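So the structure is just underneath, and the comments pick up after that.
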Amino acid sequence: MEIYIENKTINISNIETESLGIGIYKNNILTSSAKEINENSNDFLKQILNNFNAELGNSIVLYNIPNIKAKSIVIIGLGDNDKYSLEEHNIAEESFFKTCIKHQIKECYSTIALEADPEKSILFIKNSIITAKGSVYKYTATIKNIEKTIELKKIVFITNNNNSKDIDRCLLEGTSISEGIYLAKQLGNLPSNICTPTYLANEAKKLEQEFSSIKTNILNIEDISKIGMKSFMSVAKGSNEPLKFIEIIYQSNRTKERPIIIIGKGITFDSGGISLKPSSSMEEMKYDMCGAAAVLGIIKSIAKLKINHNVIGLIPACENMPSGSANKPGDVIESMSGKTIEIINTDAEGRLVLCDALTYAKKYDPCLVIDMATLTGACVVSLGGIRTALFSNDKETTDLISSSSKKVLDYVWEMPLDNIYKKQLKSDFADIKNTGGYSAGCITAACFLSEFVDKYKWVHLDIAGTAWSKDNKKGATGRPVALITQFLLDKSNAN
């Protein structure tokens with residue numbers, strides 16, 4: 001899809017396009033664009049819209065509007081004019097794109113962002129780009145009989161911001177984040193017999209070939225054994241699929257700066273191991289590598305953006321399968337840190353691979369470590385699919401991530417890390433148990449990880465509820481690519 005941003009230089013009525021997106025507020029309150037259309041059509045628009053319900057996201061397509069050069073106009077309801085915000089704008093734009101797709105429109109102009117002031121207009125359009133790319137996303141990688149349809153090929157956004165640098169930055173950020181999200185979605189949606197640990201390693205190598213700023217280092221079983229990642233290896237030993245520890249390094253022009261490390265859980269299929277999951281919906285456990293997919297998506301986005309931070313992605317990738325050599329409840333294993341872990345439930349395997357990655361991270365003397373993982377079902381119960389659970393030992397970082405989340409509508413919710421929860425992880429046979437039981441499962445999982453965090457600043461994102469969706473947008477969401485990319489942009493601008 002081609003995306004363009006143009007400054008408003010002519011009357012909206014004179015835009016020649018297949019379809020023109022116009023917003024209308026409730027009670028037939030016309031936006032500035034709608035007023036121009038109405039005036040040039042001799043009040044035709046107002047007459048037509050008498051019975052239109054302008055609730056947020058409602059739409060209607062109009063053809064043959066007098067004195068209007070666009071072949072069609074898509075009217076989008078904007079809801080209450082005193083409540084219009086970035087979130088409402090995104091809903092309106094998504095409705096516009098979906099309407100265009102439904103009516104097989106190939107190219108369109110959107111004027112909806114003109115309702116924002118010039119500075120906000122740029123932020124609104126950046127999110128619109130991300131939404132537009134998401135609206136046309138289709139998974140076809142393993143589908144042979146693909147229905148041929150007319151696709152939306154071109155979108156032009158009209159802005160009232162005449163600063164060319166702002167416009168160029170908006171376009172770059174929107175498209176770069178979109179490409180990272182696309183990669184994360186594609187990897188997440190692939191079946192586990194294709195998207196194996198080896199496949200993820202090869203995807204990392206592809207990024208190295210695409211960008212000179214990216215280098216990779218793929219550790220195999222021999223390398224992993226030498227450095228003592230016994231906890232990680234214990235999860236992988238139940239599967240015939242070779243494990244991989246993937247390092248993907250983005251080097252900015254600040255060569256001496258301490259890196260930010262992002263860690264992604266890469267369980268390419270999670271059967272639960274000996275503590276076998278119920279068969280119902282087990283096919284969704286291909287999504288247990290969405291943290292790894294997000295890491296690769298983020299690295300791609302920031303490489304395109306040439307962000308001024310050194311960022312290292314770490315991905316412990318393997319399967320969690322039942323077999324005669326798999327972990328068993330009651331086993332005691334040793335982690336890379338030297339701490340011993342009693343395995344209570346083999347389905348609490350994500351923390352067993354992440355804890356070694358957290359230990360490994362300290363070799364880089366990072367200024368910040370962020371891990372992201374589809375870690376607990378308890379997180380889904382707590383927050384559903386709206387907000388990602390955030391745990392952190394650093395308030396400044398938490399505040400900045402929270403602020404960044406609102407700029408790209410990739411929301412987080414801070415959760416507690418109180419020491420009192422760690423009592424649930426006390427073991428009689430090892431230094432720590434791998435699960436604290438049913439209550440506060442999301443929190444105790446984060447507390448477990450915190451035991452392997454060195455003296456660096458740390459953030460844990462539990463994306464179990466937000467990494468994939470079961471609703472009408474079924475499949476991987478690409479979260480939290482937008483969130484972390486925006487955070488890195490904001491952190492770069494703050495320095």
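Using N, Cα and C of the backbone, Cβ positions are placed for all residues, glycine too.
The record from TrEMBL ties D347, E349 to Mn(2+) 1, and of the options D270, D418, D428, D431 it ties D270 to that site too.
Matching D288, D356, D365 to the Mn(2+) 2 binding residues that TrEMBL gives (K265, D270, E349) identifies D288. By a simple count of nearby Cβ atoms, those within 10 Å, the most crowded of the binding-site residues D270, D288, D347, E349 is E349.
Each of the recorded positions K265, K277 was scored by how many other Cβ atoms lie within 10 Å of its Cβ, and the smallest score goes to K277. In this structure, the C-alpha atom of K277 (active site) lies 13 angstrom from that of D288 (Mn(2+) 2 binding site). Put simply, of the binding-site residues K265, D270, D288, the one whose Cα is nearest the Cα of R351 (active site) is K265.
Surrounding the centroid of the Cβ atoms of K265, D270, D288, E349, where the record places Mn(2+) 2, the chain contributes additional residues within 8 Å, namely I267, M285, M289, N320, G350, V353, A373, T374.
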